[in-house]
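Colleague: Before anything else, here's the structure in question.
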Amino acid sequence: MAPVGVEKKLLLGPNGPAVAAAGDLTSEEEEGQSLWSSILSEVSTRAGSKLPSGKNILVFGEDGSGKTTLMTKLQGAEHGKKGRGLEYLYLSVHDEDRDDHTRCNVWILDGDLYHKGLLKFAVSAESLPETLVIFVADMSRPWTVMESLQKWASVLREHIDKMKIPPEKMRELERKFVKDFQDYMEPEEGCQGSPQRRGPLTSGSDEENVALPLGDNVLTHNLGIPVLVVCTKCDAVSVLEKEHDYRDEHLDFIQSHLRRFCLQYGAALIYTSVKEEKNLDLLYKYIVHKTYGFHFTTPALVVEKDAVFIPAGWDNEKKIAILHENFTTVKPEDAYEDFIVKPPVRKLVHDKELAAEDEQVFLMKQQSLLAKQPATPTRASESPARGPSGSPRTQGRGGPASVPSSFPGTSVKKPDPNIKNNAASEGVLASFFNSLLSKKTGSPGSPGAGGVQSTAKKSGQKTVLSNVQEELDRMTRKPDSMVTNSSTENEA
């Protein structure tokens, strides 16, 4: 209690209030200074951590691989216009924590090697450290993937060599890239997926930061800059399975070769599909992570065959060997083009465009064709054996020979118009058929009846075979002889 009483006396003494006021003033000044220092430090930190400008993305790929469509989709535009030579666009990058914006330059090289000289306008020796390279491969044509990647990688290597970067600077870029590759760490579970600026890494001990040695086929082609292999049109995997009989073995074989290529260049691998909007957001986050250092919390994805994602530094030969366990008809060391064979080209038959022929030329051709043809006979000369009614005559059987005559030597006389031929012929026919009917009803079982029937059939056949018009002509020409012949037949 004594110390408390002494403290009270000191505070209430003649100089006590003054001492207390001075002490309070000193504490307020210290608080004000600390507040100003914190504000200044925050401002300086924000100024120092502002998103850098001048970052570049260099895109390579074949014509029709979808590289322009892919980058246009990442830009947020609905439709992009295909350029020629060297295309340019930009990606908008936003830091949500510090409300900062910047633009990332995107350069897309034409698929024709003729335009590779334009790379000097996109990337220089000064801007190379701030550049990210994207190799685009078309998965709808997997037989072209490896050849395309090798071609564009050699084009980039040739361009870097032409820059004549000092060896010390180039070795520094390569060492930094190797360190970034080795420092890859698996994202922790439960981390938020929003892109945030990367802070300083905290580690418990130096043993955890020891970099593992690189494998035999890892970073054998170190370009000194980050590389990303993007496979587009991965929605075509189902089409490959239906039309080209691709199986899981084919897809695993393709993936194994792609991952080996990525190991050689220290590249990341991602399968995308603009049509199905698959892995596009993941691609954007990984680009800003590698370019601006944003936090990235997505682990490797190898389960779905059309949505593979392998970040740089995660893969190795042992993980790739897991794919080889499913190989039955192919070996891991087999050449890519020996197993992934280009299908035969189906020739499309196009309808030829027909040009209208000149009218006069057409008529001249028709005239020449008609002149070459033999003269066609007229109707009268075409059917000389036909009668006026058009029915053919029986060959080898003349009109007069078909009817027996009592006067074979008599000549044919002209008919007399005064005689009624029709009435006489009708009377003869009526008497003839009446005699047949009377004989048939009188003795149906007698042999004579059968003979009469056969005779009637024969005469009927003769009547059918003979020409009607010829019979009429004969009857009009020889009325007398016809009446005599008819009576003779009745008596028989």
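Each Cβ is built from the backbone N, Cα and C atoms, and glycine gets one as well.
Found this in Swiss-Prot, in case it helps:
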type: BINDING; residues: GLY61, GLU62, ASP63, GLY64, SER65, GLY66, LYS67, THR68; note: ATP binding site
type: REGION; residues: 187-206; note: region 'Disordered'
type: MOD_RES; residues: SER194; note: phosphoserine
type: REGION; residues: 371-423; note: region 'Disordered'
type: COMPBIAS; residues: 371-381; note: compositional bias 'Polar residues'
type: MOD_RES; residues: SER383; note: phosphoserine
type: MOD_RES; residues: SER391; note: phosphoserine
type: MOD_RES; residues: ARG397; note: omega-N-methylarginine
type: REGION; residues: 437-492; note: region 'Disordered'
type: MOD_RES; residues: THR441; note: phosphothreonine
type: MOD_RES; residues: SER443; note: phosphoserine
type: MOD_RES; residues: SER446; note: phosphoserine
type: COMPBIAS; residues: 452-469; note: compositional bias 'Polar residues'
type: COMPBIAS; residues: 471-480; note: compositional bias 'Basic and acidic residues'
type: COMPBIAS; residues: 482-492; note: compositional bias 'Polar residues'
Colleague: Compute the centroid of the Cβ atoms of GLY61, GLU62, ASP63, GLY64, SER65, GLY66, LYS67, THR68, then list the same-chain residues not in that set whose Cβ lies within 8 Å of it, in sequence order, for the ATP site.
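Modeller: Here the nearby residues are GLY111, VAL136, ASP138, THR232.
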Colleague: Highest Cβ count within 10 Å among the binding-site residues GLY64, SER65, THR68: which residue is it?
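Modeller: Per the Cβ count within 10 Å, the most buried is SER65.
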Colleague: Given the binding-site residues GLU62, ASP63, and counting only Cβ atoms in the protein chains shown, which has the most within 10 Å of its Cβ?
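Modeller: The largest 10 Å Cβ neighbour count belongs to GLU62.
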Colleague: For LYS67 (ATP binding site), what residues in its own chain, 6 or more apart in sequence, show a Cβ-Cβ distance under 8 Å?
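Modeller: Set apart from LYS67 (ATP binding site) by at least 6 residues yet with Cβ under 8 Å, we have VAL59, PHE60, GLY61, ILE108, ILE134, VAL136, THR232.
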Colleague: Counting across all protein chains present, how many other Cβ atoms fall within 10 Å of the Cβ of GLY66 (ATP binding site)?
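Modeller: The answer is 24 other Cβ atoms.
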Colleague: Should GLU62 (ATP binding site) be counted as helix, strand, or coil on the basis of DSSP?
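Modeller: In three-state terms, GLU62 (ATP binding site) counts as coil.
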Colleague: Have a look around GLY61 (ATP binding site) and count the other CB atoms within 10 A of its CB, chains all included.
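Modeller: A count of 24.
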Colleague: Name the secondary structure element type, per DSSP in three states, that contains THR68 (ATP binding site).
Modeller: helix
